[in-house]
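What follows is a single structure, written as structure tokens, with notes after it.
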Amino acid sequence: MDQNPSPPAIAGGSALIVLFFLTVPTFLKLFENVRSKLKPTDYEDVHKLYEDEDGAATEESQKEYSAALPKYLVLSSTIIGFLASTATAVITTVMPMTTMYLNNWLLFSSWSLLVIETVYVAADHDSRRRFDYGRLSATASIAIFAALGVRYGAILSYSDLKVYSIFVALDAVQIVAAVISCISSLSLPRRPSVFERDHTVEGQYTVSALSRYTFGWAGKMLSLVRNKKTLDLTDLPKLHFKARSAYLEGNFESKKKRDSLWKGLIIAHYPEIIFQSSYAIVQSAAQFAPQLAMYWLLKTIEGRSNGVQTAKVAWVLVLALGLSIVFASWGQAWAHFIAYARLGLPVRSELSAMIFSKATRRKDVKGVQKAKISADLHSAAATVPVEVNGSSPLNASDSSPVAAIDPARGVKGKTGTSDEENIQKTRQSTINLVGVDAKRVADFMLFYTIFPETITELAVSIIFLLNIIGWQSLLAGLAVLVVLLPVNIYVSKHYSDAQDDLMKVRDQKMVVVTEALQGIRQIKFSAEEQQWQEKIGKKRDEELKTQWKVFYLDTVLISVWILGPLMLSTVSLAVYAILQGNLTASVAFTTLTVMSNMEATLAILPETISEGLEAWVSIKRIDEYLNAAERDTYVTSGTAVSFKDVSIAWPADSQEEDPARFILRDINVRFPPQELSVISGQTGSGKSLLLAAIIGEADKQSGTIKVPKAPAMQDRYDYKANKSDWIVENATAFVAQIPWIEKCQHQGQHPLRFTVRFWPIQ
């Protein structure tokens, strides 16, 4: 018997400790069930349709759900492994000349705990709890498998295997049982397929752990893409609850403090940020397992020249090399997936939802009228009758100067603003915030783990290379990177500046295009097509020129990133060969592989820093937009549209007094219900401002505005509209002067029907 703890005994003890902690939740749940004595309601819930925050199962999906096969497999394999471990422990006890007595009884104890765990997993009716405990059971099976592997290797190293043949067979049975138990535990499905509004919910949190971790749950969608080629919106499944924009926006708003946006993002996602940073550090260190296995494999092969028998060790190292490559690739793929699924996409959805939500509340700022308007014009423009009859016009005399269309200055309306203000106020700016700025921030959240990965990989690489090629060779190679570092920083800075210039030029181009689209009718009436074409073309030429500069700097950066790491490997190995007088295969190939990882890390770091700077600019733009002034809800419910002692102005970000601001003062008017009222006046007299005040799109300085409250959408029943009954009582509609594009089918002279049926004129 063993007098001192051997490696197999240490492995068996470690496995038992792991099993103990993994089975603690199971024993606690069993104790809780014994105390509650399993009330009858616990059995009644089994027959109900499954439902959670993601959606609800249907009768068909509930019937299709089955975990019988994996339950039976995990239970039977665990019992077989337990019986084999029992036989091994008993034989070891009755045959004192054998070794590893302690290790066998430790493994017997581990299998005993695993049997209790799997019996509870098989008996539990809660699918989600069974799924969670199944993962614990799989982890326990891996611990037993590792302990068995250590002992199996120790047995195979003995010279006389015939004495231990029975233990080899029993250990093989236990290893197979542990593998089957692990796979079966991971094959337990989490829940039936659930549906949200008659649409199936994605299967990531429906399938088994094995399918989730190996991305098998996406196979159905990939098959659909392969067969159908193009997908409709109805073909896509619903996202799980925590990935939906409504939840993300609400969750972010609940955690966001009155502080800068970037701090709010960190506070809202700090658990995931910490997890992914930790995972990145561990995964980066694990990336060197294949290089380590390759180094020892080459060293072992080199040892054959000295007559050393290395066949068994070589095969073990080959197996270790293959497994390490597989698991390293899987870990990298999983890291990318969780970065997209848990940070990148949620952050972009949050920002997009907040931007669009802000757009519905934000003031439609028109700017401040800078033209000099006399006090007489102000008072005259604000003079309106007190009462308006059914068909009598509401007159507003006098006006501000009429704006003209000037291609050199843009389509100038009732307010004059600078180009920079137009860029910030235009609706296209909102699209840019969602399409460009939110994406930049989300992309940086995807790749921020490159910083801890870089630190970890550089540290491990330097330690690795110091032990292989020495400090002199490594220092010579790093000197090349030090020489190229200033060039890299210089080009990166100019590249970042060029990217900022490109975004500004694109914003200016979109402003010009938006102005042209909004004023296309006036442009055609004035025969200004050529001038506007030249203006748009000029902006496009500026964009292409800036884009060329960006591409040029990007090419220089890529050249530096490629040549720098290449020179690192070349110089380091050259110095090593000179100092040592030779260069073995184990040193050369391992060094090249390690430096290849270092090269990739150093190559992507400057680009990540550049993306971080771009994300910082974008997040400040979004924060400024979200902190802009919002509309006040000043419209109250009434029986008719009426103004009482009202003074209104076009929306402005600042409420400071400005003598140049156009204001309609002291309005007292009531529009008769179910009658036609007309507001007439010259351009700039305030007609659009008066209409904007009715829908709450103006700044109210004083007074009271009342508007009849329209019925809720669920109470309108638009589908029941007919010729004799199609008017919605108290409904408010606003048709702006700005043209828009409506996707619809043209029928007769009434193509714009919205949700109302089309009745041809008889």
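Note that Cβ sites are derived from N, Cα and C of the backbone, with glycine treated the same way.
Copied over from TrEMBL, here are the features:
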- 431-614: domain 'ABC transmembrane type-1' (DOMAIN)
- 12-31: transmembrane segment (TRANSMEM)
- 72-93: transmembrane segment (TRANSMEM)
- 105-123: transmembrane segment (TRANSMEM)
- 135-154: transmembrane segment (TRANSMEM)
- 166-188: transmembrane segment (TRANSMEM)
- 313-331: transmembrane segment (TRANSMEM)
- 474-491: transmembrane segment (TRANSMEM)
- 550-568: transmembrane segment (TRANSMEM)
Notebook entry, point to check: For the transmembrane segment (474-491), what are the same-chain contacts with Cβ under 8 Å, counting residues 6+ beyond its ends?
Noted result: 462, 465-466, 553, 556-557, 560-561, 563-565, 567-569, 571-572, 575, 595, 602, 606
Checklist line | Cβ-Cβ under 8 Å with the transmembrane segment (550-568): same-chain residues at least 6 beyond its ends | finding: 477-478, 480-481, 484, 487-488, 491-492, 494-495, 498-499, 502, 595-596, 598-600, 602-604, 606-607
Notebook entry, point to check: Among 12-31, 166-188, 313-331, which stretch has the most Cβ pairs under 8 Å to the transmembrane segment (105-123)?
Noted result: 12-31
Checklist line | Stretch contact, the transmembrane segment (166-188) with the transmembrane segment (72-93), Cβ-Cβ under 8 Å, 3+ pairs | finding: yes
